[in-house]
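**Q** Got a structure here, written out as C-alpha cells. Questions coming.
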Amino acid sequence: MISVTVPVYNEAEALPILAERVTNVLMQLGQSWELIFINDGSQDGSEEVLDGLAEKNPAIKVVHFRRNYGQTAAMMAGFDYAQGEIIIPMDGDLQNDPSDIPKMLAKIEEGFDVCSGWRKDRQDNALQRNIPSIMANRLISFVSGVRLHDFGCSLKAYRAEVIKSVRLYGEMHRFLPIYAYWHGAKITEVTVNHFARTTGKSKYGLERVLKVLADLLVVKFLDSYAEKPMYVFGTVGLLSFFVSFLAAASAVYFKFWGGKSFIETPLPLLCVMSVLTGIMCFLMGLLAEMIMRTFYESQGKSVYTVRAKRNMTNGKCRMPNVE
C-alpha cells in the first residue's frame, strides 16, 4: 500500500483540487493506496471540507487536531496513522505536484529507502525564501554529511520502516533524510515541479531559518552524543580540570617568583571554579548515562537497526543454560 500524508493548516480552498489531483495519480498506479489529511487546527473551514472529501471517498482519511501544533507534529501524525509500506508526505498548498509521485516510487523500487524532492526551479520570493533556503541547505549538508539540494521540500518518499520509529519535535521534519542516513538508509534525489502559491497564505518567514539552524545543532548533538553523553560532558570536565591545573600552577609561580600573593590575583578563584565545573560536568555526564540506559531499557529500544536478515529465525539467539 502507498500512503500519501498531507498536513493541512488553513488551506480550505486548495483541498478539493489537491484531493482530486492526488487521487487521479494514485488510481493510475495499480496499487492500493490511502490519502491521509492531518488538519492542524485549521480555522478557515478546512475541517468541513475534509470531512466532505472523506465522506465521498473511503480511501481519503482525516485526522483533526484539537489545536495548531505545527507542521512537524502534523507530519509525524501522518506517519503514525499511515498503513502503507511506502509513505509520501506533501504540502497541502498546491505547490507540490502529485504527478511527481510515480518517479519517486520508481526510485524506491530501485532499492532506495528515501527519495527526496528537489525544487530546482522554485517558484518563491528569492529574497525571503530562495536565498535563505540555499544557504541553509548547504549548511545542513556540510554539518550532516547528507548531500541533498533541498531538505525543506516536503515531497519525499520513504519506506515505512525507515521513519516509523522516528520522533520529531520543533522544525525537525526537514531532517528526516538525515535521521534515515545515519541509520543506514540509502538516499537519492529527483527534481520535482514546484508551483507558485495561488490560494491561502504562506506560513513561512525568515525567522524559520533561525529555528532550523537551532534544530540542526540539536540533531548533530543527538547523533554524536545521545548514546554516550559522557563523551561531551567528560570532555568539558577534563578541559575544566586542565584550566584549573594551569591556574594553580600560575598562582604558585607568581607567589614564589612573581612577588604576588594568592589574594592579589584571581587565579586561585579561577582554579576553584574550574574544579567545581569539572566535577559538575562529570556528575552530569554520569546522570545522563543513567538516563539514556534507563530510556533504552524501559522502552525496549535497541541501540542498532537491522536492514535485512538471511536464514535467521524471527527471534534472537539466547545462550543455553549451563548446569
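Any Cβ shown, glycine's included, is placed from N, Cα and C.
Given the structure is predicted, the values throughout are model-derived calculations rather than measurements.
From TrEMBL, for reference:
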- 3-165: domain 'Glycosyltransferase 2-like' (DOMAIN)
- 230-254: transmembrane segment (TRANSMEM)
- 266-288: transmembrane segment (TRANSMEM)
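Explain the structural surroundings of these features, please.
**A** Same-chain neighbours of the transmembrane segment (230-254): 221, 224, 260, 262, 264-265, 267-268, 270-272, 274-275, 277-282, 284-286, 288-289, counting only residues six or more beyond its ends whose CB sits under 8 Å from a CB of the stretch.
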**Q** Give, as a single whole number between 0 and 100, the mean pLDDT over the domain 'Glycosyltransferase 2-like' (3-165).
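**A** A mean pLDDT of 88 is what the predicted model shows over the domain 'Glycosyltransferase 2-like' (3-165).
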